[in-house]
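Some features that TrEMBL has for this protein:
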{"type": "SIGNAL", "residues": "1-33", "note": "signal peptide"}
{"type": "TRANSMEM", "residues": "116-138", "note": "transmembrane segment"}
{"type": "TRANSMEM", "residues": "225-249", "note": "transmembrane segment"}
{"type": "TRANSMEM", "residues": "293-320", "note": "transmembrane segment"}
{"type": "TRANSMEM", "residues": "326-347", "note": "transmembrane segment"}
{"type": "TRANSMEM", "residues": "359-381", "note": "transmembrane segment"}
{"type": "TRANSMEM", "residues": "393-420", "note": "transmembrane segment"}
{"type": "TRANSMEM", "residues": "451-473", "note": "transmembrane segment"}
{"type": "TRANSMEM", "residues": "485-511", "note": "transmembrane segment"}
{"type": "TRANSMEM", "residues": "518-541", "note": "transmembrane segment"}
{"type": "TRANSMEM", "residues": "561-587", "note": "transmembrane segment"}
Amino acid sequence: MTARLECSGPCVAGRSMRLCVLILCLLPHFGWTVSYKPGDPVILYVNKVGPYHNPQETYHYYTLPVCRPKEVRHKALSLGEVLDGDRMAESLYNIRFKENTERQTLCKLTLSEKEVAMRILFTNVWDLIFLASFAIFIQQVGLWTHLDLNIEYNGDSVIFANVSVKDVKPEPLEEGGGGAGHGVGSGGLTVTHTYSVRWFESTLPHSRRAERLRDYSFFPKTLEIHWLSIINSLVLVVLLLGFVIIILMRVLKNDFARYNVEEDGSCDDLDQGDNGWKIIHTDVFRFPPYKSLLCAVLGVGAQFLTLATGIIVMALLGMFNVHRHGAINSAAIVLYALTSCVSGYCSCSFYTQIQGQRWVWNIILTSALFSAPLFFTWSVVNSVHWWSGSTQALPATTVLLLLGAWVLVGFPLTVIGGIVGKNRAGNFQAPCRTRNIPRQIPQQPWYKHTAVHMAIGGFLPFSAISVELYYIFATAWGREHYTLYGILLCVFAILLSVVACTSIALTYFLLSGEDYRWWWRSVLSTGSTGIFIFVYSLFYYHNRSNMSGLVQSVEFCGYSLLTAFGFSLMLGTVSFWAYLAFIRYIYRSLKMD
């Protein structure tokens with residue numbers, strides 16, 4: 001049997017690289033336990049390099065002047081690994097199971113004057129090493145010509161591995177400097193790279209090897225912060241629920257008692273001297289403008305709600321093990337394609353209920369509402385990566401695969417869902433009839449304007465997730481592995497609860513001012529949370545990270561904006577249905593003869 005070990009050897013920085021990232025992973029075949037006998041080869045794969053503080057700016061390892069085989073052979077990768085910029089290739093390291101090796105020569109490397117000058121310029125190098133999916137950080141000041149590979153095993157499987165340089169010193173990079181292992185001639189600098197392999201027996205079973213991450217990840221160490229954040233968010237939910245209960249139990253009770261005095265009047269003959277939300281009962285269910293766009297927003301929002309729930313549930317079931325590189329990327333793409341039927345069904349069903357006629361256009365708009373911005377953003381980001389030579393630029397075969405997934409799966413399922421939704425749609429359930437002539441809306445005070453509602457409706461949900469958002473950003477734009485999916489589920493539930501409670505409170509304030517334009521207001525009020533998320537992402541970029549450069553900046557801003565848009569669609573949809581349920585409840589409770 002052959003186990004696969006991804007490794008990067010001594011690094012020589014190039015171009016605008018101040019920091020070098022070496023990615024090493026000990027990967028089992030397709031994620032299950034690999035069993036092998038003593039003496040079996042353990043193939044070491046090199047992956048990618050790049051600036052340490054720019055995780056998404058990565059380049060093929062062999063683009064640097066390093067030890068390399070005569071013929072570079074690449075490993076077949078999964079879709080998620082390709083999307084993550086992985087480009088694994090075999091290395092020259094000769095590792096055999098349970099066989100220790102001391103001071104084995106890897107290669108002799110001669111650096112040109114240009115490469116030596118480049119190496120002198122970039123002397124402070126950090127290595128981020130993933131060995132068996134565990135992160136190891138090595139500070140390189142100079143050139144490391146020897147690496148110690150320490151690998152732990154249990155029975156016939158590998159448990160843990162790391163790389164150490166604590167017992168060796170780096171070679172100085174000053175031109176003309178002497179030292180063991182290298183010399184300077186007219187042709188440049190010659191170095192000899194060596195390595196040692198040591199095997200250690202472990203009692204930890206293979207099924208629990210991810211527990212070793214606890215010693216390296218900052219998530220368990222900050223577990224108390226997570227729970228304090230959840231408690232803070234729960235307090236916010238309790239306060240909002242209390243506020244909503246006061247509205248429903250006291251204010252509305254008084255309104256019902258006052259409005260139902262006229263038992264002989266009908267819904268169309270109520271006292272015109274009344275004011276408040278009752279007086280607009282003949283207009284509150286008047287259908288909004290831009291019906292197709294509104295329904296498309298609701299459809300795609302429902303799709304993202306289903307997608308987010310599915311991803312979290314799959315994570316809780318252990319399907320995104322840290323040893324399965326790119327698994328979450330692959331799952332997100334598959335779920336996005338399969339949940340397209342949800343967007344088509346929800347959009348076309350509600351579009352038919354509110355008497356929309358152009359259902360074909362509605363399906364097309366629903367399908368393109370998020371996929372078009374996604375394609376445009378990806379095109380810009382991928383072009384920048386292609387221009388810079390980064391491995392994040394997707395190969396043509398992967399692009400065709402993703403395009404085929406949308407054309408052959410995503411779009412057809414949207415159409416099928418739309419047709420089913422159109423045929424199964426009933427009549428719109430409105431407790432009151434709508435008059436032909438709309439009622440004039442009185443001038444509203446400043447605190448009831450759309451911008452104020454968007455500020456309130458966006459800030460409250462954002463405040464409930466702001467702490468956890470930092471750790472999500474540290475995972476997405478850093479080198480940490482997110483493992484606290486149970487806490488993530490709690491935060492997600494709290495977020496939806498805050499959105500619903502905030503929406504109900506804003507609904508009452510809107511209707512009490514005799515303003516019946518709630519359709520789009522409901523989407524914009526808490527959908528503005530996406531704006532707060534994008535602003536926070538810019539704050540994170542400038543104040544919480546050291547990312548820089550055109551490549552990383554374009555990717556960060558592009559995908560952060562796309563993420564904020566997705567949150568706006570999802571939370572706007574939750575807000576809309578909370579608005580609609582509350583409005584139906586209060587008008588159905590009026591006494592109408």
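Even glycines carry a Cβ here, placed using N, Cα and C.
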Could you tell me what the rest of the chain brings near the transmembrane segment (485-511), counting residues at least six beyond its ends with Cβ under 8 Å? 226-227, 229-230, 233-234, 236-237, 240-241, 243-244, 247, 251-252, 276-277, 280, 284, 308-309, 312, 315-316, 320, 448, 453, 456-457, 460-461, 464-465, 468, 518, 521-522, 525-526, 529, 571, 574-575, 578-579, 582-583, 586
What parts of the chain pack near the transmembrane segment (451-473), using Cβ distances under 8 Å and only residues at least 6 beyond its ends? 219, 222, 225-226, 228-229, 232-233, 236-237, 240, 480, 482, 484, 487-488, 491, 494-495, 498-499, 502-503, 506, 509-510, 521, 524-533, 536-537, 540, 544, 571, 575
Do the transmembrane segment (393-420) and the transmembrane segment (225-249) come close, with at least three CB pairs under 8 A (pairs 6 or more apart in sequence)? no
Mind checking which residues reach the transmembrane segment (225-249)? Cβ under 8 Å, same chain, six or more beyond either end. 219, 460, 463-465, 467-468, 471, 484, 487, 490-491, 494, 497-498, 501-502, 504-505, 508
